[in-house]
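Pulled from TrEMBL:
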type	residues	note
ACT_SITE	319	active site, proton acceptor
BINDING	22, 23, 27, 166, 168, 319, 346	3-phosphoshikimate binding site
BINDING	22, 92, 120, 168, 350, 391	phosphoenolpyruvate binding site
DOMAIN	17-424	domain 'Enolpyruvate transferase'
């Protein structure tokens, strides 16, 4: 699909139906398999990634019923060996978390994905799982899907030290640790997204997290003694999705946005903190806190955005960096992102995609090995590519609010934010063909 976005005017908007949180939706589908009672889930994200995760759970024995109040997930007595390949589509979270879970189950499982996912590196998950007794085969010695998992119900307990903060690696090891033959520990240099720990603790798993004085994190995992309690959750709006419209407010003078019912987990709102440093006025109001803090985010645009350097807590805002780059392109001065080499192994090389597209829009930008430099200016209308990446597509759709934009391969937006264009249409005119 080619998406055309028209130039917009200043706006004031309250947004209530932002896409449900993708990270939590993935986990609801997977973790419900660990209970012996039905889980009740409202507002499950019906994006392509999370629907693929749910399809896999169903092939593993989960029964799903639609009710007026949401979805009911009915778990099997035990995870079933499927007769088909488990297709993860474009979902990196799905393949990595299922690798951890299925490594400890009885049976053979084949995990694959689309052409983009099958070219994303998997060794960072495969190698630690192999070290505790998991049997995993795949291309390039297990670095690329398709991956074959020969389940092992005798996984060893472990003490694993991760060199990078990664929620997906951590989650895979936690899931395998729940079935290990003793207590396990996982260490990371700084706290990554902690939805897995929060949700599994809420379900009754014995998982403890300690943040040491230097900032490094220790997660202790005890094996399951019984099935976990079921989930009962109303999934909040995804802050990574909400952030696109925070940037829209930030780059459009005299604009205002109210983002309703958003997940306020501290590891997920760091990008909003960066906008605050750039001069955007942002207020947070917590409305509830069960598994996670949930509330509203109020945003007021500044007269002029200021440049910024981003080099810390990268794992807390890695998904938002492409959209943050649009704010940087509209800021006064030179902005810089470093320590973000992880961007090169996402759905596409996001460093390259951001820089190349910004250049097409008349913005001076330069690639670094682990980030980029952007000199703020006036974003011009151009034809850019999503590079098959949903976040690149949406970031440059927001950039189009300044002077218009034409985006190719825009259909990838549906991976994480099916109603993105509906909301964008409240700000400006769009046309897709």
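Glycine is no exception: its Cβ is also placed from the backbone N, Cα and C atoms.
Mapped onto this structure are the features recorded in TrEMBL.
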{"residue": "22", "record": "3-phosphoshikimate binding site", "CB count, 10 Å": "23"}
{"residue": "23", "record": "3-phosphoshikimate binding site", "CB count, 10 Å": "26"}
{"residue": "27", "record": "3-phosphoshikimate binding site", "CB count, 10 Å": "25"}
{"residue": "92", "record": "phosphoenolpyruvate binding site", "CB count, 10 Å": "20"}
{"residue": "120", "record": "phosphoenolpyruvate binding site", "CB count, 10 Å": "18"}
{"residue": "168", "record": "3-phosphoshikimate binding site", "CB count, 10 Å": "22"}
{"residue": "319", "record": "active site, proton acceptor", "CB count, 10 Å": "23"}
{"residue": "346", "record": "3-phosphoshikimate binding site", "CB count, 10 Å": "20"}
{"residue": "350", "record": "phosphoenolpyruvate binding site", "CB count, 10 Å": "25"}
{"residue": "391", "record": "phosphoenolpyruvate binding site", "CB count, 10 Å": "28"}
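Reported as a whole number, the C-alpha separation between residue 166 (3-phosphoshikimate binding site) and residue 319 (active site, proton acceptor) equals 12 Å. The secondary structure of residue 346 (3-phosphoshikimate binding site), as reduced to three states from DSSP, is coil rather than helix or strand. In this structure the alpha carbons, written CA, of residue 23 (3-phosphoshikimate binding site) and residue 92 (phosphoenolpyruvate binding site) are 11 Å apart. Counting every protein chain shown, the number of other Cβ atoms lying within 10 Å of the Cβ of residue 166 (3-phosphoshikimate binding site) is 20. The maximal spread of the 3-phosphoshikimate binding site, taken as the longest Cα to Cα distance among 22, 23, 27, 166, 168, 319, 346, is 20 Å. Across the structure, residue 92 (phosphoenolpyruvate binding site) and residue 168 (3-phosphoshikimate binding site) are spaced 8 Å apart at their Cα atoms. Over the domain 'Enolpyruvate transferase' (17-424), the average per-residue pLDDT in this prediction is 97.
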